[in-house]
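Asker: Among the features that Swiss-Prot reports, domain 'tr-type G' is placed at 10-206. The feature region 'G1' is assigned by Swiss-Prot to 19-26, with similarity to another entry given as support. Residues or ranges marked as GTP binding site by Swiss-Prot: 19-26, 81-85, 136-139. Here Swiss-Prot flags T26 as Mg(2+) binding site. As annotated by Swiss-Prot, region 'G2' applies to 60-64. According to Swiss-Prot, the region 'G3' annotation covers 81-84. The region 'G4' annotation in Swiss-Prot covers 136-139, and the record cites similarity to another entry as its basis.
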Amino acid sequence: MAKGKFERTKPHVNVGTIGHVDHGKTTLTAAITTVLTKKFGGEAKDYSQIDNAPEEKARGITINTSHVEYETETRHYAHVDCPGHADYVKNMITGAAQMDGAILVVSAADGPMPQTREHILLARQVGVPYIIVFLNKADMVDDAELLELVEMEVRELLSKYDFPGDDTPIIKGSAKLALEGDQSDIGEPAIFRLAEALDTYIPTPERAVDGTFLMPVEDVFSISGRGTVVTGRVERGIVKVGDEIEIVGLKPTIKTTCTGVEMFRKLLDQGQAGDNVGVLLRGTKREEVERGQVLAKVGSIKPHTKFTAEIYVLGKDEGGRHTPFFNGYRPQFYFRTTDVTGAVELPAGTEMVMPGDNVSISVSLIAPIAMEEGLRFAIREGGRTVGAGVVAKIIE
């Protein structure tokens, strides 16, 4: 018997579990689907279904990720869980599963461990905006003072990486007990407290269509008597006929006006996020626009050449490099629709980067790209993907 039909009317939020190996991320994921399904409908997933994560590709990189979904009173959640540490690193850096918030799972019996720290740092670097903590395995800790000590440690660690440690919701519980239907405070009720924290602490994300207009340029044509048409997929926002827009990146920024929008050979009065459109530009010459630039709302995005980034370097077995690279390495950086060569500066004290590593680097591009913090890119050598990255901070 179906428990009511699936309502698409609830706002949709993307979350995921992060944290140290064996602290209970997958068990918690199973517990959330099992407990919430009983109350709000949907499909429960057991541990083995989640742990057996299928492979997917993002920016030329293979990642194992499990996707589950569940509902609360007010929202619909898509939740990602990864089997291995390397999958987390790849997932967060490629943005394969963009997270509006993360559930950091910390074993109350062990406290914060090296990957706890690394995942918090990664979340900061790749722009995961909110973290909620689930202090798991609370059934294994009899000493209330010890629990409090672990909680303090986690809060300090969050604050260290610029998350609001003092205000972060921390839910104490046991995913294992919750999964078994236990009704004590740390069993099922802990999962409902976690759901409430998700609903209240993570704001509803802005829909792509409500953002400021941005469209990566894929192709440029000139149509005699009508002018220049730029094609691409609108990444966010809306473009209307008559809007003043800017062409940003690679060359000096120029202003132009949208005089027409067409889709499937039909004229429209606007194009919006997700649409593949042709945008007609007034008074713009065919050679003034090229693939790799973006059309954007005036003043909303600037071109930059220098930035710091968090990158993942493909291992040899993933089709990546077979040898390390050193300071001054010059690959191509593939942003949106084009490659730009850039020079890599390694952090002080880092001699070289091995295939399979993740590392923070500084990059200087030979041409400016329309850039914002959180922008994803691939690292390529002659068209072959050797890594992936995300802009952490713009320098100039």
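Placed from the backbone N, Cα and C atoms, the Cβ positions cover glycine too.
Fair warning: this is a prediction, and the values are worked out from it, not measured in the lab.
Let's see these features in context: how buried, what's close, how far.
Answerer: In the predicted model, residues of the region 'G1' (19-26) average a pLDDT of 94.
Within 10 Å of the Cβ of D22 (GTP binding site) there are 13 other Cβ atoms, across all protein chains.
According to its DSSP assignment, T26 (Mg(2+) binding site) is helical.
Proximity of distant same-chain residues to the region 'G2' (60-64), defined by a Cβ-Cβ separation under 8 Å and at least 6 residues beyond the stretch ends, is recorded for 53-54, 82-84, 87, 90-91, 94, 96, 312, 314, 318-319, 378, 385, 388.
With a cut-off of 8 Å between Cβ atoms, the residues of this chain six or more beyond the region 'G3' (81-84) that come close are 16-17, 21, 25-26, 29, 50-51, 53, 63-66, 68, 91.
The list of residues near the region 'G4' (136-139) in space but at least 6 beyond its ends in sequence, with Cβ under 8 angstroms from a Cβ of it, reads 23-24, 27-28, 105-109, 147, 172-177, 186, 190.
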Asker: Looking at the binding-site residues C82, H85, A138, which ones sit with their CA no more than 10 Å from the CA of T26 (Mg(2+) binding site)?
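Answerer: Cα filter at 10 Å returns C82.
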Asker: Does DSSP put H85 (GTP binding site) in a helix, in a strand, or in coil?
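Answerer: DSSP call for H85 (GTP binding site): helix.
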Asker: Using all protein chains shown, find which of the binding-site residues K25, H85 scores highest when you count other CB atoms within 10 A of its CB.
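Answerer: The residue with the densest Cβ neighbourhood is K25.
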Asker: Tell me the Cβ neighbour count for C82 (GTP binding site), meaning other Cβ atoms within 10 Å of its Cβ, over all protein chains shown.
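Answerer: So the number of other Cβ atoms within 10 Å of C82 (GTP binding site) is 24.
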